[in-house]
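Undergrad: First, the structure itself, so that you have it in front of you.
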Amino acid sequence: MGLLSDPVRRRALARLVLRLNAPLCVLSYVAGIAWFLALAFPPLTQRTYMSENAMGSTMVEEQFVGGDRARGFARDFAAHRRKSGALPVAWLQRTMRTVGLEVYTQSFSRKLPFPDETHERYMVSGTNVYGILRAPRAASTESLVLTVPCNSDSTNSQAVGLLLALAAHFRGQIYWAKDIIFLVTEHDLLGTEAWLEAYHDINVTGMQSSPLQGRAGAIQAAVALELSSDVVTSLDVTVEGLNGQLPNLDLLNLFQTFCQKGGLLCTLQGKLQLQDWTTLDGPLQGLQTLLLMVLRQASGRPHGPHGLFLRYRVEALTLRGINSFRQYKYDLVAVGKALEGMFRKLNHLLERLHQSFFFYLLPALSRFVSIGLYMPAAGFLLLVLGLKALELWMQLHEAGVGSEETGGAPGPSTPLPPAQGVGLASLVAPLLISQAMGLALYILPVLGQHVATQHFPVAEAEAVVLTLLAIYAAGLALPHNTHRVMSTQASDRGWMALKLVALIYLALQLGCITLTNFSLGFLLAATMVPAAALTRPNGPRPLYAALLVLTSPAAMLLGSLFLWRELQEAPLSLAEGWQLFLVALAQGVLEHHTYGALLFPLLSLGLYPCWLLFWNVLFWK
């Protein structure tokens, strides 16, 4: 306390902080990026292990041999679907009753905020069909779910056939202690969301659906299945859910264990997993897989039906059967045995999965990075904002520090004049106008789409995207001199106070985002922190302006799309990247209003106004 209360020592501390601030910021930023890149290398990456005792062994005998029956169900389903042009509800009901399930249907409808041009739908209505296998050894207090999504452009008939064959096989077993729900949803994720909302008796997305006539117990875990053909070369597992949520790591470990037991080739992010991590090839491929997971998690999209289950505290995975040029070939029996083993082990659970990690990164299926090891990477980046904020605070409250630093030898201290007034009134206008621009960016595109289509020859989805871009660009022009609106005599130190507020605002936002979705928080910090730290009204203003534009939220999204396709070994041209960027904008807004994805409101209501504050600082006069 004496160090802070003594004016002489306080000024000496201020001089030390100011002198070392720049090298400390550079060192902290480099350390954060280096720490993140090192996450794919031992010892930061660890081998996965099973934490739940009830699932620690795979000593169950899988007896599923219904491959021919599954293929027969798949052919019948595909034929009835082609004949009706929609989900064959009557055939599914009849078939599920034949195998001994309690069968129910649920109708739903949803008017999207604007047409979804990707899936060519606007007014959506459909029917979900589900059958319940009652547990002979329990009182329907807990349940498991096996779900197959069906979309208009993909029948997923092999997955439906395998689901029905597994239902018939499970019906003949007496060891089930949990109800098993076999769910076939229409319109992909929309049907899944409608069923989940009705099952839990809530409505969070405005979905209109009929109440469920049949229920089982509380859902403990769920597996979503998508198959492209009768023969698969590998099973790809997807874990990224809505708003970056992840299932308990033990569920992923269970899947990998039964794949290894059955000799199935399993992939993560579509990439084969190298077993040799003693050479450099393993960690380098692990880094590529890790970056793909970070980009997918940061998007906040539900990358499969499982992503919507996670919102309701249901641990879930999506398994996709891939049929590629690889020499390994597996039929539906091998996939069915893996699913049977997983459900039999989940049947042993006495409580929800909770002992393993919920926050992790995956450089490979057999390796993970825990939250305690990856959080320092974001911490180092956020430290840069703290150091710059501390520097500005000391410059504002320690008058004459700069002159003493450059001035002569130390001598008896003399009282210094008070610091020049900051003029806090000049900060009100930039803060209010920047936040108003963010609010307009969030509300006006969807609200004003019909006005735009009446006056311009564009469709509704195009009107939403063009309005987004127009408001975003208008924000660059409006706030240059907003501080003069309420204070005609803005202080020279006003930009320092505004930047101090912007740094604290950005640090709080990034800190909160990182705690819930590390991938999104880290990507935003890695791009926005350097520009936030360097921006000032004096200096090479064109260079700072270019840096700010290149690190804005929209530029980060565009760059992420190019990086994503580059890591997938399918690089984009500039024209293709721009088109994909426009589609991503429309899908981001649509998924927010349809499923509750939070990326769009986070960027429009939080980070975009904060970025505009730094734009104000740059053009402060």
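Glycine residues also receive a Cβ, built from the backbone N, Cα and C atoms like all the rest.
According to TrEMBL:
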- 20-41: transmembrane segment (TRANSMEM)
- 357-385: transmembrane segment (TRANSMEM)
- 422-443: transmembrane segment (TRANSMEM)
- 463-479: transmembrane segment (TRANSMEM)
- 500-523: transmembrane segment (TRANSMEM)
- 543-564: transmembrane segment (TRANSMEM)
- 571-590: transmembrane segment (TRANSMEM)
- 596-619: transmembrane segment (TRANSMEM)
Undergrad: May I ask whether the transmembrane segment (357-385) has at least three C-beta pairs under 8 Å with the transmembrane segment (500-523), counting pairs 6 or more apart in sequence?
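TA: They are in contact.
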Undergrad: Which stretch, 20-41, 357-385, 463-479, 543-564, 571-590, tops the Cβ pairs under 8 Å count with the transmembrane segment (596-619)?
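TA: Maximum Cβ contact count belongs to 543-564.
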Undergrad: Using Cβ atoms and a strict cutoff of less than 8 Å, what residues sit near the transmembrane segment (463-479) while being 6 or more residues removed from its termini?
TA: 114, 430, 433-434, 437, 440-441, 444-446, 448-449, 452-453, 456, 554, 582, 585-586, 589, 608, 612, 615-616, 619
Undergrad: Which residues, given as numbers and ranges, are at least 6 beyond the ends of the transmembrane segment (20-41) yet have a Cβ under 8 Å from it?
TA: 283-284, 286-287, 289-290, 361, 363, 369, 373-374, 376-381, 383-384, 387-388, 390-391, 522, 525-526, 529-530, 533
Undergrad: What same-chain residues lie close to the transmembrane segment (571-590): Cβ under 8 Å, and 6 or more beyond its ends?
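TA: Those are 112-114, 116-118, 301, 445-446, 461, 464-465, 468-469, 557-558, 561-562, 565, 597, 599-600, in sequence order.
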